[in-house]
Amino acid sequence: MEAPAIFTEAEFYQQNFNPREYLNEYYSMSNSREWASTFMMQNLRTLHKMFSLDGLRGDILIDVGCGPTIYQLLSACERFQEIIALDYTDQNRRELEKWLKNEAGAFDWEPVVKYVCELEGDREKWAEKQEKLRKKVKQVLKCDVTKANPTGPVSLPPADCIVSTLCLEGACKDLPTFRSALRNISTLLKPGGHLVMVTVLGESYYVFNKQVFSCLCLEKHEVEEAVVAAGFEMKFAEAQPYEVDDDLTDIKGVLGLVARRCPSAT
């Protein structure tokens, strides 16, 4: 399997991304592939560590490119009062809202929530955490990270923190687009606010449901340089190698980082 010849841009996601198949393939701890569960648990540990850092708290958290997932908000919801989730594709936002409204047939995140509660010291608080997260997500909106105003025409209050996991590398076809997307999303943040990111490294494609989605193949230094160029100072960065013996992806590693928007950034 190899990356498609043409980068799979936003419209391809809108037409072909099946959120339920994606969740079953990568996030269902019982029947997803072993490497997918390991990858998710590693990311949950990284997010737990990053959201435990000093200064990562406040009123508003914006999740940029939430997809149909909630795992990236489980540690975050302990530190912020209000969460706004943004994604490009209509079906991802619908799938997320199904879980937020606790509708019948929503994806079962219970094993994932329990794992994060275990990291926080009390596995039994999982039901309480689910309710807390459901209450804190106030809006689920469309966004396009390649636009100067990613949420236009809607304008949002500036956030204390942005979290973005496994999003920009899927949305940006080249390094200049990636760099400009970081500048675009930085406008959603207060000066002095934090960016929390989880980015895959060295990946050119991933597959589920027989659909191949391309990915911008990034190295750690390219991501960090782009973050700094977008007006941030790096606070934390941890890259872990990741090899998968499976033709569903050619991932080489994953990078977790926290950066602070420079107060002088405009």
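Cβ from N, Cα, C; glycine included.
What TrEMBL records for TYR22, TYR27, TYR71, ASP87, ASN92, ASP144, VAL145 is S-adenosyl-L-methionine binding site. Long-range neighbours of ASP144 (S-adenosyl-L-methionine binding site) (same chain, six or more residues apart, CB within less than 8 Å of its CB): ALA10, TYR88, PRO150.
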Here the binding-site residues are TYR22, TYR27, TYR71, ASP87, VAL145; the one whose Cβ sees the most other Cβ atoms within 10 Å is ASP87
Same chain, |i - j| six or more, Cβ under 8 Å of ASN92 (S-adenosyl-L-methionine binding site); the result in sequence order is PHE17, PRO19, CYS66, GLY67, PRO68
